[in-house]
């Protein structure tokens, strides 16, 4: 997460905010509502899993958040934070955590922007019941992007994160995956339905809004829609958090994991077809 924040170029966002903002909003609102709607049905699956159902509000917020690039991730993390708080049984505490999160981000950007220690940031977020992942991401965002600082720091950290920690994370996710739980045709069909709804709810708004605000070709707009539909690492992290908080059962974790992997793997092939 620190590496992702480090790669995020704020100047690029500032230069293109009039394009990125409406596209991000469109790809947040539609998938969020679609995910929330699907979650009402998916919640009943718990009754067949023999898994103790989590708080309904927590589950709806979680399902909505994983159905939602940088701005979208921030909204998703805020929703995930709320879901985690509801899962622990306190709605008032959820509001308090969100207020603390906003204060934390302002504190980081305004006061500690140039001198924060990233380890302390992750610990601070974890202590506040936000998530340490969020703290690491924020520190990466506020780090200097000019000179040799980012280049040298990123190269040193990338060797550890990409070559060691990331493979271990994927291995741990694979060990938590239970493909046998989808042997029933019902759950296979549900997975396909969720995949279709999630993909359309993300791809169509991104493509249409890109076409409207940029006035560029349909080929370019379609490419943006395909890229925005990519779930990638962020969703895998969110899914693992959901499993740890007992918001997701092993069966639902497996269903969402398959969808995240398929949407990620098909990205390069679809882009190749668009520009063929």
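We number each residue from 1, going along the chain as drawn.
Cβ coordinates come from backbone N, Cα and C, glycine included.
According to TrEMBL, the protein has these features:
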{"type": "DOMAIN", "residues": "120-267", "note": "domain 'Cation/H+ exchanger transmembrane'"}
{"type": "TRANSMEM", "residues": "21-43", "note": "transmembrane segment"}
{"type": "TRANSMEM", "residues": "58-80", "note": "transmembrane segment"}
{"type": "TRANSMEM", "residues": "92-116", "note": "transmembrane segment"}
{"type": "TRANSMEM", "residues": "128-145", "note": "transmembrane segment"}
{"type": "TRANSMEM", "residues": "157-174", "note": "transmembrane segment"}
{"type": "TRANSMEM", "residues": "186-205", "note": "transmembrane segment"}
{"type": "TRANSMEM", "residues": "226-247", "note": "transmembrane segment"}
{"type": "TRANSMEM", "residues": "253-275", "note": "transmembrane segment"}
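Only pairs six or more apart in sequence are counted, and the transmembrane segment (253-275) with the transmembrane segment (186-205) gives three or more Cβ pairs under 8 Å, enough to call it a contact. Ranked by number of Cβ pairs under 8 Å to the transmembrane segment (226-247), the listed stretches 21-43, 157-174, 186-205 are led by 157-174. Residues 2-3, 6, 233, 236-237, 239-240, 257 of the same chain sit 6 or more residues outside the transmembrane segment (157-174) yet have a Cβ under 8 Å from a Cβ within it. For the domain 'Cation/H+ exchanger transmembrane' (120-267), the DSSP-based tally of helix, strand and coil residues reads 123 helix, 0 strand, 25 coil.
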